[in-house]
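Sequence annotations record features per position, and here TrEMBL assigns region 'Disordered' to 1-32. Residues or ranges marked as compositional bias 'Polar residues' by TrEMBL: 1-16. The feature compositional bias 'Basic and acidic residues' is assigned by TrEMBL to 17-32. The domain 'Amino acid transporter transmembrane' annotation in TrEMBL covers 45-438. Residues annotated as transmembrane segment in TrEMBL: 81-103, 140-162, 174-192, 199-222, 234-256, 268-292, 314-338, 350-374, 380-402, 423-447.
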Amino acid sequence: MSSQNQTEEALVTNLNETDHEVGNTREEEREQDQSMFKFKSLLWHGGSVWDAWFSCASNQVAQVLLTLPYSFAQLGMVSGILLQIFYGLIGSWTAYLVSVLYIEYRTRKEKENVSFKNHVIQWFEVLDGLLGPYWKAVGLAFNCTFLLFGSVIQLIACASNIYYINDKLYKRTWTYIFGACCATTVFIPSFHNYRIWSFLGLGMTTYTAWYLAIAAILHGQVENVTHSGPTKLVLYFTGATNILYTFGGHAVTVEIMHAMWQPRKFKYIYLLATLYVFTLTIPSAVAVYWAFGDQLLDHSNAFSLLPSSGFRDVAVILMLIHQFITFGFACTPLYFVWEKVIGMHDTKSICLRALARLPVVIPIWFLAIIFPFFGPINSAVGSLLVSFTVYIIPALAHMLTYRKPSARQNAAEKPPFFMPSWTATYVLNAFIVVWVLVVGFGLGGWASMINLLKQIDTFGLFAECYQCPIPPPAGAPPPLAHSLPDGGGDLVGSWSPPNLLKII
């Protein structure tokens, strides 16, 4: 009997030990799952104020960093610096207006018990809810077209940059390759998931900006350097619209806000991001223009004038990665629109959504092959699309939304502390509308389209290698130097159409 009791006690003890071991194992698995979840959230799931700041700062400056010295050569040193500060500040103001209108729209909808649990609010929906379907159509048309060409510009920049590391392939071939690489952004669900990418992207642009500044200073001024800009109105307003484009990166403001855990805290984030961006754009553009002067008129990509080195190769590679990130930033709102059109926006499967998004990438790829004009296309997009998308439409929408006393009285967000009244807000908005309409869209559109047409006349559509020098045959005398619009020397082109400027 005693031995039987001992056996039973031994069995119970073994069972308890087994249960304890199983419990420990499950607890360890649970802790591992939690740690994996925390690690995944740290890299993948962002929504804080810092996430929004990194997203805004990273998205604001990408390949345009390489074209700003070219704009300084067109504008001159003083105008280049002043216009950067001017457009940076009014761009921050219109981004603030977009954030206010988003809060107003969301507040009204939440009072109607509308849930946005599985829905990403976009700018055209804000305009629809506050001002009606006609504004929705206008906002949708301008925003989607701008983001489409913004993505095109990133692909063009990828091909232009990689050529300075490996010139064995033409730029058009590199466009094919990077188009396929950038298509992988269809797997990134939303702006929540750009946390680590935004952080890395800003680090990459910071390195590149300071590489440009330091390398230009160490290189010193080229022999007989001249700083003659501005010399022509066409060049002046082309450069001005490129700067307008630089600080018009808030076409994705609403999507970034919606990804935040507390969207109301966004109001001044864009301004703080712009102030940091000034520390990148102004020193680099000033230094490169100081070193190379008017040579930049023939070299829209600053990398082309700096000597080959390991530091330059690192900058090129980092910019390539950053352009992949910026491509995703510009394309993600287009993915959302397309998902809503085909009824896939609520789908939880990442693979199904990625498959549904692929048709968005194809026209971007095609347009990058047709118009490979790195630099001039920035100015054209800035004058014709950015001027309305991120300056004129937000200012007008804010004025019309709060035109009635009752709307101003019940506004979800009152004018900021530095605005003494609603009247002052209206005056500033009206100034922005008139200025950008006349200078940005009118004069800028005229100048940038003339410059773009010159590129088409010179290099042709579907150019194999825009601004690539052709090596002379063995034993041939060196070619006579001659200047082409936004290019120099003998250059690789493709089919050239009839002179469009003469036809016009």
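Going from the start of the chain as shown, residues are counted 1 onward.
In case you wondered, yes, glycine gets a Cβ from its N, Cα and C as well.
TrEMBL: automatically predicted annotations, no manual curation.
Beyond the ends of the transmembrane segment (380-402), by six or more residues, the same chain brings 90-91, 94-95, 97-98, 100-101, 104, 127, 130-131, 135, 138-139, 142-143, 145-146, 149-150, 153, 241-246, 248-251, 408, 411, 422, 425-426, 429-430, 432-433, 436-437, 440-441, 444-445, 447-449, 451-452 to within a C-beta distance below 8 angstroms of the stretch.
Within its own chain, the transmembrane segment (140-162) has Cβ neighbours under 8 Å at 62-63, 66, 122-124, 171-172, 174-175, 178-179, 182, 251-252, 301, 303, 316, 319-320, 323-324, 326-327, 330-331, 333-334, 337, 363-365, 367-368, 371-374, 377-378, 381, 385-386, 388-390, 393, 466, counting only residues six or more beyond its boundaries.
A contact links the transmembrane segment (81-103) to the transmembrane segment (234-256), because at least 3 Cβ pairs that are 6 or more residues apart lie under 8 A.
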